[in-house]
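Pulled from TrEMBL, these are the features on record:
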- A:788-806: compositional bias 'Acidic residues' (COMPBIAS)
- A:828-839: compositional bias 'Low complexity' (COMPBIAS)
- A:858-875: compositional bias 'Polar residues' (COMPBIAS)
- A:941-951: compositional bias 'Polar residues' (COMPBIAS)
- A:966-982: compositional bias 'Polar residues' (COMPBIAS)
- A:317-411: domain 'Fibronectin type-III' (DOMAIN)
- A:412-517: domain 'Fibronectin type-III' (DOMAIN)
- A:608-702: domain 'Fibronectin type-III' (DOMAIN)
- A:788-839: region 'Disordered' (REGION)
- A:858-898: region 'Disordered' (REGION)
- A:916-982: region 'Disordered' (REGION)
- A:1-33: signal peptide (SIGNAL)
- A:703-727: transmembrane segment (TRANSMEM)
Amino acid sequence: MPRLAVSPSSKPNCSLIGLICIFLTLSATHTHARIAVTIPEQVSLLASMNTQQLSISWLGGEATTFDLIILRTEFNETVFYGTVSVTVNQESGRHEWNWTSAEPLECTSLSVRIRSRDGQMTSDWSDTQILQGSDVPSNKDTQIYPQDRIVPVGSNTTFCCIVAEREVFGSIQYRSTVMSATRLSRRTYAATVVNQGPSRASGTNVLCFTDRSSSLSGAVVFVGYPPQLSDFVCETHDLTSTVCQWNNGRDTSLYGKRRTRYLVNNRDCTNNSLLQQQTECSVPQWEGNWTLVAVNSLGQYSLTDSAELSHRVCPVAPVELSSVVHAWNATVQWQWKYSSYSSLALVCQVEFTAGGYKTKRTFTGVGLRSAVLSDLHPVEDYSVQVRCGAQQNFWKWGTWSKPISFKTKTDVPDAPDVWMWRNRDGTGQVIWKPLTQRQSHGQITGYSVTFWNPEENRQHTVILSQYTIAVPFNLTQMAYLSGDNKVIASVTAKNADGMSPPASVSLRLPDVELPAASRAVYTDEGFPLSWQSNANATCSFVVEWHETSCTYDCPVDWIKVPAGNTNVSIESANFQPGVRYSFSLYSCPSDSPELLQRWQGYTEELVPSGSVRLSSSQQGSDILLTWRSMPMVDSRGFLLGYNVYISNGSQLTLLANLSDLETSYTVKGFSMGSYKFTVKAYTSAGEETGTTVIIAMESYSDWLILEILTSLGILSLLLVIATFICYKKRKWVKKAFYPDIPEPKLPSDWSSAQGPLDVKPSPHSMVHIVEKPEWDSSKEMLVVIPEEDEDDDGQGIGDEPVDTDEPTSLRYYNQVVDERPIRPRFPDSSTSSASSLDSAHTDVTYTGIQTSGSSLVFQLDPQGSSEGHQPQAAHSVSCRGGGYQPQMQPRAPSDDMGLASAEPLLEAQAACSGGYKPQSSWHFDSPMEAEERGSLAPSLGSPTSIASTQFLLPDGEEHGEEKRQSSSAATWFTNLLSSTKP
Amino acid sequence: MAEQEEQPITQPDPPGSGQSRTGRAVSIARLLHRECTRLLQLYKEKETFLSDHTPDGGRIVSLSSESEASSAEEQVQCLHSALRQCLGLLHCVILKEEEEWGKLEGDYETMRKNVRTRLEHLLHTTKDLVETEEMILEVTPDHQCNEEVDGAGGLFGLKMWTYRVLLELIHWSDHAAQTLHVLHREREGTEEI
């Protein structure tokens, strides 16, 4: 509120005037406000149920701003409240404002009130205007809204269900989905479906269920797309009218009444067919510019096109096709539906199909109505159809005519494709490929083959049936025809129209030496073969192939290659994997075929089907595996090598990979036992199952024994030879190794020798018995027995040096002597011995003192003996007898030391028991002496029973037996040598 | 329910064929009944909400003189009249469905066409059986199809009405099989068809 400035003292009149002015101004303003905020009157509601739009109009005076409130009448719930600016409709003079409801307007009654607003000033509300809903009590049945609504895909729709009186709301279902519902009024419930998908032709069902099971109310909603077209183009068929076509694009999901309608240049082109979506429309004349409008309930789409008629000519299909047929050509004729085509320059395609192959040929001409098809094949079924286009300003091909069929006439056959097969023995076959239907030009009635010699011009003709494809020949039997083994074979085929041109091939003996075959690798296009060609060569080539394993009258196939070509790919349906094929390139097949090159190859290499024939043999500790190379039929691929395995249970261990195709293998270093070997051949596809051989290794010690026996045999033989030689040279041997014993030489101080003295006693010497006081109590006595000269080299003396030139030493025998005297060898000695036994002294009797020498008496020094033979003393430690220990032959350390050590132990044990052990080295020097001494000998080597003078040790004692054996062998050799004695 | 084997639509057999005319009529009626049952099954597969729904309300087609008919021939004449109305209803269903949904070529539409043809065939058969000089029977559909299908209105109402028409076809085709069997028994003196 403006504040007034009053100055009463200075200008009272002016102040009064000012107040009046202010009052008037305020009064005018207030009057203007009262005019602007008049209450709206004559509020009117106009509902559009389909769009759910409520049109509200009223008389609002001068005001332009209004407050509107819309409520659901029953529940007095505010649906809309807002201030809107509305201008007066000049025609009706009323304010109008439209409001779109989220729910169908039928769902429930709506109350509308309006008031004018001028800034902060508002008028009073107008009278309430009610839009009656369908839930009024007068509509008692269940209802659901909206009905038959068409909405775009992805939109949201709110459905409401008005429940019948005295029924209870159940649920709202969209398709089969129960929706969440809200209550709008006493009987009305609403649910909103969001992002709806396209519906089927009969729409999407929305159902409302109540507590009454038989009551079923529903609505149908159609969810689809607006039209969206493309490729709109117009053309003419009859050179007068227009046919426009387009592409409908995506399915609108709207059918029947709701389908898209089309207008071309504002003419309804919609056809009455409800079956398919329309894509074409005809206009009776050529307008040059066209606009297509497609409309459905959700929107519209328009496309345009423009063109001159001559640029859009698409001829109709030719009609009434006919043909005039010959063997190698035919004429096709047709008619046009429109006479206007007679002046139209046309280009036509004639497509004829024969044997599954289609061929197109093009013809041109004004008003074209026929075409001549040349280069056809006789006796061939053809199917022909024609289509045309405008030759000038070609637009597109017209529609194909209905096809017609005809069959060409017959003619003489083509020349057969001839080749040959030659065996090594001069025989062979002339072979030709059966003529195909396309080559025979009619039914073949037979073949004729003519063999002729170009030089002598002699020929021989064979007539064959139509089923024959080969005729044998024998060049060796055709000698009368040809001196140089060159024969020309000509083959002709015959049908009803006549004979074919002849096809020739030259027959010769096959080449003796074949060129080496190189390897051909199969590819997807067959076996690619290439060769070097002479630039001047004018001959064609033939490449023949057959299975390599076949050698006689083989089924051969071939292909002819024109001259100048240097490569070809060979493919055949007869090729089998795992079969080796040989390819041979011949030049000049009809004149003088010459084998130029050979190949071999597989379409696919397989693992070998057979197995190697495996054998094994033992070679000492080695095993030799040998096998035969695999036949080609079984190898099924180029053999790359062999794998040798040894089997350990169920597992194979690779021993060797023999990539050089060796057929033997030696496995070394095996001991006794059973071994299993497997040999597998392999190709690039893998290895075959293999052959297994089991070998049991025999003990090769037998071989060792055999070798030993052989060595022993050889040694024996050498010994025999040596013996023989010795026998023959026995005098020399006697002289060299067994010279006559010289007479002993006794130096003057011989008795002062410190060591044991070997004395060669004379067989007839007697030994004096020397008393030895220490042994008196034990009644034991040491007896020295004279010994014949022997070859014992003094082993019993130990390591002390021995003069081998001296006679052999005396030997001592420890002997327990009873009261009775030892039986004397001679009566003289027995007397002395008996006398000595009778005394209490221990006597030692030496016998056999050499007659040439005096009898020698020694006082034996056991102590000295024990010193000289320490090992024996060691063995006698455990002895308690304290008797004499026999002397042992000292041995140098050797392999048989163990054996040598046991013997003294046994002897020591014998000594422990106080028993007697005879010296083993006792023997006669010669058989003669043995014979001479007779019964004396045993008594010398064995203890003698006191009572019976029998030997205490049995003869069968093992040790004594061995001694005797060795003694016998030595005796034999001694005898041998002794035989040389004079 | 196992799908019924579709049988070809044939014209009435010439006189002298093995089966009697009444027996043939019974067979056609029974076949029509099976096809109507199959048609309803296909319709329920399209409109699944009908699978568990049994509409209330009486018959669409009813005959006032049915109970008064005494002889089998008269009952067949009444049946013929009911079948004409059924054919009219089926024509109307086809017309309205094609108008609303378009010309479709599914199993339901194929079977619907078969039922229409079979029903026409049965009408010709019954006409031949019971038509007299005094009683001229028509075989054209007895329904104009120009009235509202049901009070509910809307396309949902069309679906409900179609459902009722299909139920009506089942009812009257079954009734036709029974009525014609009575006529067959009277004329042929045997139960066998």
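All positions are counted from 1 along the displayed chain.
For all residues, glycine too, the Cβ spot is worked out from N, Cα and C.
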The domain 'Fibronectin type-III' (A:608-702) - residue tally per DSSP class, helix then strand then coil: 6 helix, 54 strand, 35 coil
Mean of the pLDDT scores, which run from 0 to 100, over the domain 'Fibronectin type-III' (A:412-517): 86
Residue distribution over DSSP helix, strand and coil in the domain 'Fibronectin type-III' (A:412-517): 8 helix, 51 strand, 47 coil
DSSP residue counts for the domain 'Fibronectin type-III' (A:317-411), split into helix, strand and coil: 5 helix, 51 strand, 39 coil
